[in-house]
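Asks: Below are the structure tokens for one structure; questions will follow.
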Amino acid sequence: MIMSRAKGLFGIVLATVFCTIANALPSTHAVHEKRDRVPSEWRSVGQPRPDSLLRVRIGLKQNNLHRADEYLLDVSHPRSSNYGRYWSANQIIDTFAPSNRTMALARSWLIESGISDARIFLNRNKGWLELVATAKEAEELLHNQYFQYQNVHTGQSVLACDQYHVPHSIQEHIDYVEPGIRLPVFQQPQKFLHKRDKILIHGASGRMHLPDSDDRDVLTSLDCDKAITPDCVRALYKIPLATKSHPQNSLGIFQEDNYFHAEDLDLFFENQTTHIPLGTRPLEVMIANTDGGGSSSKFGLESALDLQVAYPIVYPQTITVYQTNDHLDAQYSSQGFLDGFLNAIDGSYCTDCALGKCDGERANPNPPASDNRILCGIYKPPNVISISYGGPEQNFPIAYQRRQCNEYMKLGLQGVSVLFASGDNGVAGHDGCLGPKKDIFSPTFPANCPYVTSVGGTKVLPEHAPSVPESALYNSDGNNILSSGGGFSNVFQASSYQTAAISKYFATSNPEYPYYEGNWTSGGDSGLYNRLGRGYPDVAAVADNIALWYKAKFGHTGGTSASTPIFAAIINRIIDERLAIGKGPLGFLNSVLYDNEWVLNDIVNGSNPGCGTEGFRAAVGWDPVTGLGTPDYEKMLHLFLGLP
């Protein structure tokens, strides 16, 4: 999938510190966060020098998050009188900013702990306090001990601890502190890239010329069970060639230090999409530590796949690639996966006021040459953003997941549609399954977030034409497996927009597996999945045997890293049609789609094996394999053009 997508998914690399109690714990303090395990890719290599400088960031509890569902559905539910009346960034800041009491209590704690007021800075969105402290000061403040951790795959290091403490009196006012218990795990998805490279079937470097036709009767004769070409995608989902290109509607695609190769794009255009001129390129937005993709070692399969499935759908619309290098950013600024991207488009995590530098200037005491600025809220968010990265839910602190998920809610309030790949490991995570027996299903983050649209995968069965319904993605070559990621979150409960669909699934297609209700850590051996969790994916698209050019060779690949930009591109096309008649973007999609299942092609074949099981089975209606189904462009266009 993606979740692998990235060098970072579904992958990102940061510095880490292992925490133990450094001195006697006063009775006024309590454990705020604790890590139960160290991910296998990290090893302790020592402690920081007592006088080494750390950026300490304190995430303050935000106001009104208990009304998040209410606010989001008010602007996104098709039967709401406020549908499409999106919020401004200032309205969002004012609504969710921590209370004055929260800010005052947190600041008082720091001052009483010996940190002078002049060293404490509040970010512009009022969500974070930041200071630069020595390692000794930070350990005395948090009653922990930091250790330096090194990633066994990349060699990069981070600071982290296994637990830390804050006063009882302010626990309810703090989300989490960084550096803290989080060890970067998004770099893991790079394993998926390696997997894809193995699955990729390199053909001869000669050309495979296919007709560039809009005649769907002709397209049904294509061998779409053997190779998914742009014509196959148009045939599967009834997509005509685009004719419009609104200047304010560029499709957004997120990349993590993964660059396209111009030669591959031109080979693709020349051989498979002759209506797209050679030399067509996406706009690249370089965020944080990116240094460009000039090195051939950075030409990535993810970029090639995203652009080659999206361009045939949206052209002549443009594509904007948001290129980050968050694994480096994390090493020097305690940030993590997608933080740099969120900084750039809404400033949600920006806290750059330490050492007297604010609003865009990096506060790291000793930045490397490429580490010079964080871009805070300088780019207008795209109407649609496709993100094919993610990682196992269990590897991220719960508070971190919730805080980032709320940022996607805020993007939805601003009219942005955020789509994430559901993963390529079925009910398992890319690093296996949970529990002592390794048989408990492992959900994926951020696809588990109820405020994003999670995209699963399908495949065209052998000897089947595009007009025949697809099946759930499952493919194995003996060494590697592709299986549509799906299941139920251990962190997030099902939101109101999908409770009826989930209840119907359990009533008509009840899995025979034992289950628990809550986080798996409290479920013991009582079950394999959380019956009360947010179900994912929400939708699906074809994700197997995707034809593409990579490193000047033609071949096939697959995963939800393909299905996600396909679905996102279709949404972008529909927004273009709405803009042409004076209407606005679509924002959060799920509330409309769950209320109008008829606009999707229901997938009832297949399952998503993993953890020694066949996983969940596809069924009539929503299911935790292919969601509500695959897109029908004509029906979706009719529906969305009819909304305000």
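Note: Cβ is positioned from N, Cα and C throughout, glycine not excepted.
In case it's useful when we look at the structure, here is the feature table from TrEMBL:
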SIGNAL    1-24  signal peptide
DOMAIN    227-643  domain 'Peptidase S53'
ACT_SITE  GLU302  active site, charge relay system
ACT_SITE  ASP306  active site, charge relay system
ACT_SITE  SER561  active site, charge relay system
BINDING   ASP602, ILE603, GLY621, ASP623  Ca(2+) binding site
Asks: I need the neighbours of the Ca(2+) site defined by ASP602, ILE603, GLY621, ASP623. Which other residues of that chain put their C-beta within 8 angstroms of the C-beta centroid, in sequence order?
Replies: VAL604, ALA618, ALA619, VAL620, TRP622, THR626, GLY627, LEU628, GLY629
Asks: Let me know the DSSP-derived helix, strand or coil state of ASP306 (active site, charge relay system), please.
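Replies: The residue in question, ASP306 (active site, charge relay system), is helix (DSSP, three-state).
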Asks: If you draw a 10 Å sphere around the Cβ of ASP602 (Ca(2+) binding site), how many other Cβ atoms fall inside it, taking every protein chain shown into account?
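Replies: ASP602 (Ca(2+) binding site) is surrounded by 18 other Cβ atoms within 10 Å.
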Asks: Rounded to an integer, what is the Cα-Cα distance in Å between GLU302 (active site, charge relay system) and SER561 (active site, charge relay system)?
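Replies: That comes out at 7 Å between the alpha carbons.
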Asks: Pop the mean pLDDT for the domain 'Peptidase S53' (227-643) in here, whole number is fine.
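Replies: Mean pLDDT for the domain 'Peptidase S53' (227-643): 88.
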Asks: Using a 10 Å cut-off on CB atoms, tell me which of the recorded positions ASP306, ILE603 is the least crowded.
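Replies: Comparing Cβ neighbour counts within 10 Å for the recorded positions ASP306, ILE603 gives ILE603.
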Asks: Using all protein chains in view, find how many other C-beta atoms are within 10 Å of the C-beta of GLU302 (active site, charge relay system).
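Replies: If we count other Cβ atoms within 10 Å of GLU302 (active site, charge relay system), we arrive at 34.
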Asks: Just to verify a number: CA distance, SER561 (active site, charge relay system) to ASP306 (active site, charge relay system), in angstrom, no decimals.
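Replies: Approximately 7 Å lies between the Cα of SER561 (active site, charge relay system) and that of ASP306 (active site, charge relay system).
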Asks: Let me know the most crowded of the recorded positions, choosing from SER561, GLY621, ASP623 and counting other Cβ atoms within 10 Å.
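Replies: Its Cβ has the most other Cβ atoms within 10 Å: SER561.
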Asks: Between the Cα atoms of ILE603 (Ca(2+) binding site) and ASP306 (active site, charge relay system), find the distance and write it as a whole number of Å.
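Replies: Approximately 23 Å lies between the Cα of ILE603 (Ca(2+) binding site) and that of ASP306 (active site, charge relay system).
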Asks: Between ASP306 (active site, charge relay system) and GLY621 (Ca(2+) binding site), how many Å separate their Cα atoms?
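Replies: Computed Cα spacing between ASP306 (active site, charge relay system) and GLY621 (Ca(2+) binding site) is 28 Å.
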Asks: According to DSSP, which kind of secondary structure is SER561 (active site, charge relay system) found in, if we only use helix, strand and coil?
Replies: helix
